[in-house]
Amino acid sequence: MSNVAEPGAPAAPVALTCGDPAGIGAEIAAGAWAALRDDPACAFFLVGDADWAASGGAPVARIGAPGEARAAFAAALPVLHRPLAAPAPAGRPEPANAPMVVASIEEAVALARAGEAGAVCTLPINKKALYDGAGFAHPGHTEFLAALAGVARPVMMLAGPQLRVVPVTIHIALADVPRALTGALIEDTVRVAAADLARDFGLARPRIALAGLNPHAGEGGAMGREEIEIIAPAVARLRAEGLDVAGPLPADTLFHAAARTRYDLAVCMYHDQALIPIKALDFDRGVNVTLGLPFIRTSPDHGTAYDIAGKGLAEPTSLIEALRLAASMAAMRAGAGVGAGVGAGVGAGAGT
Ligand SMILES: NC(=O)c1ccc[n+]([C@@H]2O[C@H](COP(=O)([O-])OP(=O)(O)OC[C@H]3O[C@@H](n4cnc5c(N)ncnc54)[C@H](O)[C@@H]3O)[C@@H](O)[C@H]2O)c1
Ligand SMILES: N[C@H](C(=O)O)[C@H](O)COP(=O)(O)O
């Protein structure tokens, strides 16, 4: 199913942040540009260093404003040049560049909020490098973007051709998960996800499956009581609101092929419960989408991949899907696009 916006869609081009310059960002940006350059509906521009961008192998065109990106896109990767503070050797994070990495995200968000960019797509960051080099106080993009937007409950969704997942708790230590799980957090997460799936993915009443926290969803309380005390009451309240919600379901049997046909979204209780199945199934084509923001944000589903940076081994496929999805969602919101197709096959018998 296509993610690509209809020709003539008026949405502005997508702003791509530079991510960690020591990672695979330049290479995959070049690969994505080569794959999408013939499709003006998927035009994007990089907010980053033009020389670093060129090191990925694409011709680059320095632009003065996002409005110039679409015209430049067929011939070169458009770049709003924002110079690095220091060289960026592959695989070795440079703390001096961390403030510029953060600034790239801030600028892309400002452009999206001003309507000059149709969406934000982020290249991967190394969070530790930003903590060390820029005093970054957020565990990831998701939380940083929410802080920039003043949003209390950002929702992380990863969507691929076979599965969509949302972790209720996001970037926290496993030991802290039981304490963080509340009925309000579960309910808010499901409400945000249901609303955004309806608006951007054409799922008017998505079928949502909630995982339990404990083995066998607690085995009737013998292996933990969060299902009885927190998750099941939240499911009941959400159902009373009219949402199509099932659970808590044992997580170990939630992701096999037949199970995946029964829901449009799996809501999981912690990061790895959600992200392991989708990265196992769809690593090459999974897209990270932040729901609940006043602007569109997508990202590839992988990280900085220092181990292969600069070696010509990085696959751009997840970034290509992230850029397509961002463009499609932007066109959709502008009233001119086709439905956002990532993961749209799941739950409709195509989830194998
Ligand atoms: N959106 C983001 O900013 C984002 C997402 C995930 C991880 N991260 C960060 O990235 C850093 C590294 O994380 P990690 O090592 O757990 O995950 P990773 O995704 O960077 O790498 C995991 C493995 O997958 C491979 N890989 C990743 N992307 C690939 C691609 N496009 N083509 C081919 N192979 C690819 C890597 O070489 C590595 O072997 C961490 O700091 C993490 O927080 C950032
Ligand atoms: N949890 C994400 C993953 O593993 O793919 C990753 O850390 C990105 O998170 P942000 O989009 O919040 O940076």
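All residue numbers here begin at 1 and follow the chain in the order shown.
Quick reminder: no glycine exception, Cβ is built from N, Cα and C everywhere.
As the structure is a computational prediction, the values presented were derived from the model and not from experiment.
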(message) Please identify which of H141, H171, H302 is recorded by TrEMBL as part of the divalent metal cation site containing H216, H271.
(response) H171
(request) Can you tell me which binding-site residues out of H171, H216, H271 are within 10 A of T142 (substrate binding site) by Cα, answering none if there aren't any? (result) H171
(message) Out of H141, T142, H216, K279, N288, R297, which binding-site residues have CB atoms lying under 6 Å from ligand 2?
(response) H141, T142, N288
(message) On a simple 10 Å Cβ count over all chains shown, which one of the binding-site residues H216, R297 is most densely packed?
(response) R297
